[in-house]
Amino acid sequence: MVVTGILLAYLAGWVLEWRWLAVLGCAPASFMLLLMCYMPETPRFLLTRQRHQEAMAAMHFLWGSEQVQEEAPAGAEHQGFRLAQLRHPGIYKPFIIGVSLMAFQQLSGINAVMFYAETIFEKAKFKDSSLASVIVGIIQVLFTALAALIMDRAGRRLLLTLSGVVMVFSTSAFGAYFRLTQGGPGNSSHVELLSPLSMEPASASVGLAWLAVGSVCLFIAGFAVGWGPIPWLLMSEIFPLHVKGVATGVCVLTNWFMAFLVTKEFSSVMEVLRPYGAFWLASAFCILSVLFTLSCVPETKGKTLEEITAHFEGR
C-alpha cells in the first residue's frame with residue numbers, strides 16, 4: 001500500500017501543480033483521521049486491562065466473531081517493557097536486529113537515489129522528467145508485489161541477501177557514472193550533481209547518463225524486492241508480544257531518524273567525498289547489510305513466534 005500510494009502521488013504530480021498536489025495530499029490524511037474515530041483498541045490490549053466486554057466488541061468488529069477468551073492470557077498483567085529485560089537474549093537479540101535492519105535500510109541510500117532520480121532522467125534527455133518519477137514508482141510497485149508473492153517461498157534471508165547484492169552493484173555503477181562524468185576538484189567546495197566533463201562529447205554524456213538511469217532502475221528494483229518491505233515484516237515477526245509495542249516503536253524511530261540524517265547530510269557527504277564517493281559509501285553500507293543478514297538475521301519463514309524466540313535464546 002505504501003508504494004502504491006507513492007505511485008499515485010507521482011501520477012498526481014505529473015498532471016497537477018505543486019499547490020494542488022499539496023491540497024490533494026490532505027485528502028487521504030483527513031480520511032484516515034475520520035476512520036480512526038471508528039477503530040477500536042486491539043482485543044489483546046483490552047484483555048490485559050480486564051475490559052472483557054470491550055474486547056468482545058472489538059473481536060466482533062475486526063473478525064466478525066465474538067469468540068474471545070473469558071480470561072486474560074496468562075501473565076498478561078505482567079506484560080510491558082522494562083530495561084532489565086534487555087539482559088535476556090530473547091529480547092536484546094531481536095531488538096538489535098530490528099534496529100540494525102532499519103538503519104541499514106536507510107543507509108543504503110534509497111532516499112538519495114529517489115531525490116536525484118528526476119535529475120538523472122533529465123540528463124538522459126527524457127522529454128518529460130516527471131515521467132521518470134512515474135517509471136520509478138511503477139518499478140517499486142511491481143517488484144514489491146513480486147516480493148509479496150515469493151516471500152513465503154523464497155524466505156526472508158534469501159531476498160534480503162539478493163536485494164543487498166543488487167544494490168551493491170547498482171550503487172557501485174552509480175558511483176562509477178559520477179566518477180566518469182565529474183571533473184577534477186576545483187576551487188569551490190560546491191558540488192554540482194551530474195555536471196559532465198566539458199571536454200566530453202554530448203553523445204558520450206548521454207550514453208553515460210543511461211548508465212545512471214539503468215543503475216537507478218536496478219537499485220529501485222533491488223530495494224523493492226528485499227530491503228524495502230522485509231525489514232518491516234521481520235519487525236512484526238521477531239519480537240515477543242510483551243515487548244513488541246516498545247520495540248516496534250524504537251525501530252520505527254530509528255528508521256525515520258536515519259532517513260532524516262541521510263537526507264540532511266547527504267549533500268555534505270557529497271561535498272567531502274565527491275558524488276561518486278558518496279554513492280560508493282552507500283555501496284559499502286549495502287555490503288555490510290548483506291554480511292549482517294548472513295551472519296545475524298534468522299530465517300522466520302514458516303516459524304511460530306515461540307520457535308523464533310527459542311532460536312534467540314539458544315533453545
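Cβ atoms are placed via backbone N, Cα and C, with glycine included.
All TrEMBL annotations are machine predictions without curation.
This prediction places the mean pLDDT of the domain 'Major facilitator superfamily (MFS) profile' (1-301) at 80. The domain 'Major facilitator superfamily (MFS) profile' annotation in TrEMBL covers 1-301.
Taken from TrEMBL, the feature transmembrane segment covers 20-39 (among others).
Among the features that TrEMBL reports, transmembrane segment is placed at 95-117 (among others).
TrEMBL lists 129-151 (among others) with the feature transmembrane segment.
Residues or ranges marked as transmembrane segment in TrEMBL: 158-178 (among others).
Within its own chain, the transmembrane segment (207-227) has Cβ neighbours under 8 Å at 3, 104-105, 108-110, 113, 117, 120-121, 123-125, 135-136, 139-144, 146-147, 159-167, 169-171, 173-174, 176-177, 180-181, 194, 196, 289, counting only residues six or more beyond its boundaries. Feature annotation from TrEMBL assigns transmembrane segment to 207-227 (among others).
For 239-258 (among others), the entry in TrEMBL reads transmembrane segment.
The transmembrane segment annotation in TrEMBL covers 278-297 (among others).
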